[in-house]
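A.B. asks: Here it is: the structure, laid out below.
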Amino acid sequence: MTVKSLHVTAMVKYLLLLILGLAFLRETAAQRVPKEGQTFFQKPESCPSVPEGSLKLDLGIINANQRVPLSRNIERRSTSPWNYTVTWDPNRYPSEVVQAQCRHLGCVNAQGKEDIFMNSVPIQQETLVLRRKHQGCSVSFQLEKLLVTVGCTCVKPLIHHVH
């Protein structure tokens, strides 16, 4: 797993959140009535109409070269270490999604040994991706929620007392 792949995944998350925000703003702006002297962006009448709920999107990332600093080898240094795997889906944007998988059921102590009295659990983040839909000769994209495991953490185990 490279830092570049992690950076691209993070950038795609932010892009999808921005798309959702823009779609929401478009919807709320359409419902507002401008006050006297106030104007909202209005599409020229010569422009073709766009179907309700659709949005034109350029998938290029404006600041793609901007780097987000990442901690070095955090997945190996954690008391709950994990490995990365890449899932691939050609009908999803992004087509590559990086997932973390916990290495142990227990946590790693200061001596590097697994402590089975603690639990290693996944940290999950719900994110939005674009799902490609084929309709005859045309292709469209629809937002889809995806649960991504981004790392693991060490927790005290749940203890159930039987009475």
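Including glycine, each Cβ sits where the backbone N, Cα and C put it.
Worth saying up front: this structure is predicted, and the values here are computed from it rather than measured.
In case it's useful when we look at the structure, here is the feature table from Swiss-Prot:
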SIGNAL    1-30  signal peptide
CARBOHYD  N83  N-linked glycosylation site
DISULFID  C102-C152  disulfide bond
DISULFID  C107-C154  disulfide bond
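Structural setting of the listed features?
C.D. replies: The secondary structure of N83 (N-linked glycosylation site), as reduced to three states from DSSP, is extended strand.
All protein chains shown were included, and the count of other CB atoms within 10 Å of the CB of C152 (disulfide bond) stands at 24. Classification of C152 (disulfide bond) by DSSP places it within a strand.
C154 (disulfide bond) is surrounded by 19 other CB atoms, counting those within 10 A of its CB over all protein chains shown.
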A.B. asks: To the nearest Å, how far is the Cα of C107 (disulfide bond) from the Cα of N83 (N-linked glycosylation site)?
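C.D. replies: Here the two Cα atoms lie 14 Å apart.
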A.B. asks: Tell me the Cβ contacts of C102 (disulfide bond) under 8 Å, same chain only and six or more apart in sequence, or just say none.
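C.D. replies: Spatial neighbours, sequence-distant, of C102 (disulfide bond): S80, P81, W82, S120, V121, P122, C152.
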A.B. asks: Given the recorded positions N83, C107, which one is most crowded in terms of C-beta atoms within 10 angstroms?
C.D. replies: C107
A.B. asks: Cα-Cα, whole number of Å: N83 (N-linked glycosylation site) versus C154 (disulfide bond)?
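C.D. replies: About 15 Å separate the Cα atoms of these two residues.
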